[in-house]
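Now, the feature entries from TrEMBL:
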- 17-541: domain 'Metalloenzyme' (DOMAIN)
- Asp25, Ser78, Asp468, His469: Mn(2+) 2 binding site (BINDING)
- Ser78: active site, phosphoserine intermediate (ACT_SITE)
- 99-319: domain 'BPG-independent PGAM N-terminal' (DOMAIN)
- His137, Arg167, Asp168, Arg203, Arg210, Arg283, Ala284, Asp285, Arg286, Lys358: substrate binding site (BINDING)
- Asp427, His431, His498: Mn(2+) 1 binding site (BINDING)
Amino acid sequence: MGSSWKLADHPKLPKGKTIAMVVLDGWGEAKPDQYNCIHIAETPTMDSLKEGAPEKWRLVRAHGTAVGLPTEDDMGNSEVGHNALGAGRIFAQGAKLVDLALASGKIYDGEGFTYIKDSFETGTLHLIGLLSDGGVHSRLDQVQLLVKGSAERGAKRIRVHILTDGRDVLDGSSVGFVETLENDLAELRAKGVDAQIASGGGRMYVTMDRYENDWEVVKRGWDAQVLGEAPYKFTNAVEAVKKLRQEPKANDQYLPPFVIVDDNGKAVGPIVDGDAVVTFNFRADRMVMIAKSLEYEDFDKFDRVRVPKIRYAGMLQYDGELQLPSHYLVSPPEIERTSGEYLVHNGVRTFACSETVKFGHVTFFWNGNRSGYFNPEMEEYVEIPSDSGITFNVQPKMKAIEIAEKARDAILSGKFDQVRVNLPNSDMVGHTGDIEATIVACKAADEAVKMILDAIEQVGGIYVVTADHGNAEDMVKRNKKGEPALDKSGNIQILTSHTLEPVPIAIGGPGLAPGVRFRSDVPSGGLANVAATVMNLHGFEAPSDYETTLIEVVD
């Protein structure tokens with residue numbers, strides 16, 4: 001463990017108080033109106049934090065450059081949010097890393113590209129991922145550059161397997177994205193490269209499941225992409241998306257799988273021995289399952305029927321602990337010396353808990369993209385299984401109370417110095433676009449916060465309540481004036497994505513030393529400032545290269 005881990009004691013803050021670190025997922029701060037589910041919901045606990053002590057409540061930035069994303073137009077997400085919360089510093093993330101590698105051409109010199117390039121001479125290059133400019137999981141311009149760059153470097157036969165979005169971007173925008181890609185592929189064909197779209201489907205129904213919630217989603221993708229089999233066959237991808245969108249209740253997120261066939265009805269792009277495959281999403285959570293199915297010899301989640309011998313690489317490595325995939329085009333940010341690691345090395349016993357859909361966030365992402373414990377004797381992580389087989393608006397309370405009960409018991413046990421949880425409701429239900437259900441979700445999260453704060457009250461501890469990005473506070477797409485945007489039929493356009501809004505952070509509890517308040521000289525504070533703040537509350541000074549603390553102690 002070495003002396004390099006020793007943190008200096010904070011001159012004015014005592015050690016030994018139990019700290020509850022509560023992250024409300026997708027809980028931003030926006031103007032109150034009927035599309036702000038957090039405002040409409042009964043949230044007496046969170047309201048009391050905001051109104052109780054102005055010097056102990058403030059907003060922090062949770063998007064764009066504050067979390068390592070390229071621009072201020074990039075909405076935050078749970079991965080980069082928890083990276084920043086845990087790491088205490090800002091690291092170039094996902095899209096930005098890929099942008100840098102593409103701009104410099106470094107991506108083509110790396111081990112991953114060299115590995116797949118060996119298949120170009122005799123095999124096909126398959127690209128699988130989300131076709132969208134949403135910038136959360138992937139970006140259309142990066143796919144365009146990768147297709148073009150691969151063709152310039154010897155790929156003679158290219159097949160793209162597209163997943164339509166409608167979650168991080170407007171529903172219906174898929175058609176335009178497919179048209180853009182088709183134009184690029186047509187230009188390549190004119191130059192003698194056999195390039196075309198081979199299959200497709202909606203992101204929530206095909207391929208992009210996460211946390212092993214529903215392997216059927218990945219199987220539908222496998223059947224279309226690898227086996228060339230799907231319930232719908234078309235000779236043209238633009239026509240496919242337009243036709244499938246005409247079905248009742250159809251939307252981009254849930255389009256059924258389709259394959260593109262030639263004039264003889266034969267699939268144009270199944271994956272076969274000797275091919276190369278790249279999953280081009282940069283965000284990890286919805287790529288891990290397909291990566292396992294493409295890479296693992298030993299695999300029992302569904303019958304793959306035929307397992308081609310391929311060279312497979314991810315855009316990034318999606319799980320550092322599993323080293324999955326083993327080949328990738330762009331190396332991840334190496335986040336060393338996270339706050340969790342420092343605190344454990346300085347005697348802070350840690351408990352972390354969430355339900356399946358956000359368990360990785362409060363552990364793996366919090367700890368700098370690292371699975372497992374720093375010290376199993378000092379830490380306990382508890383995962384509560386999420387509801388599976390239903391959309392989250394069906395059971396909007398999710399597992400909030402179960403998470404809060406585990407946290408309460410951990411606090412009252414006296415075994416832990418930090419009890420860390422993620423309450424997923426406002427994010428996961430917010431993504432469904434169901435406003436009524438999201439209101440229920442926000443209320444449930446608020447009730448969970450109350451249970452945790454009551455336990456902190458009992459043990460004389462401290463609480464820190466914050467969020468990782470916005471979502472439920474604005475459920476409507478807006479025009480340039482900030483008014484709700486309408487579709488062609490005059491209906492409100494529901495927003496299912498994250499937002500660019502700041503998030504709250506509140507501190508308090510009977511264990512909070514007198515005179516502790518938020519500083520007024522860190523106006524642009526973001527999620528990365530939270531780690532130093534929490535270290536202070538544990539009685540330590542943060543390392544000098546951490547983003548500055550948000551608190552001061554006034555006599």
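Backbone N, Cα and C atoms are what each Cβ position is placed from, and that goes for glycine too.
If you measure from the Cα atom of Ala284 (substrate binding site) to that of Ser78 (Mn(2+) 2 binding site), you get 11 Å. Inclusion criterion for the binding-site residues His137, Asp168, Arg286, Asp427: a C-alpha placed within 10 angstroms of the C-alpha of Ser78 (Mn(2+) 2 binding site); this criterion is met by Asp427. Every protein chain shown contributes to the tally, and the Cβ of Asp168 (substrate binding site) ends up with 23 other Cβ atoms within 10 Å. Counting only same-chain residues six or more apart in sequence, the Cβ atoms lying under 8 angstroms from the Cβ of Asp468 (Mn(2+) 2 binding site) belong to Val23, Asp25, Gly26, Ala62, Gly76, Asn77, Ser78, Gly81, His82, Leu85, His361, Asn422, Asp427, Val503, Leu527.
Among the binding-site residues His431, His469, His498, the ones whose Cα is located within 10 Å of the Cα of Asp168 (substrate binding site) are His431, His498. Of the recorded residues, Arg286 (substrate binding site) and His431 (Mn(2+) 1 binding site) place their C-alpha atoms 15 Å from one another.
Of all Cβ atoms in the protein chains displayed, 26 besides its own lie within 10 Å of the Cβ of His137 (substrate binding site).
Considering other CB atoms within 10 Å as the measure, the emptiest surroundings among the binding-site residues Arg210, Arg286, His469 are those of Arg210. Counted within 10 Å of its Cβ, the other Cβ atoms near Asp427 (Mn(2+) 1 binding site) come to 29, all protein chains included.
Across the fold, the C-alpha of His498 (Mn(2+) 1 binding site) and the C-alpha of His469 (Mn(2+) 2 binding site) stand 7 Å from each other.
For the substrate site, whose binding residues are given in the record as His137, Arg167, Asp168, Arg203, Arg210, Arg283, Ala284, Asp285, Arg286, Lys358, the maximum C-alpha distance rounds to 19 Å.
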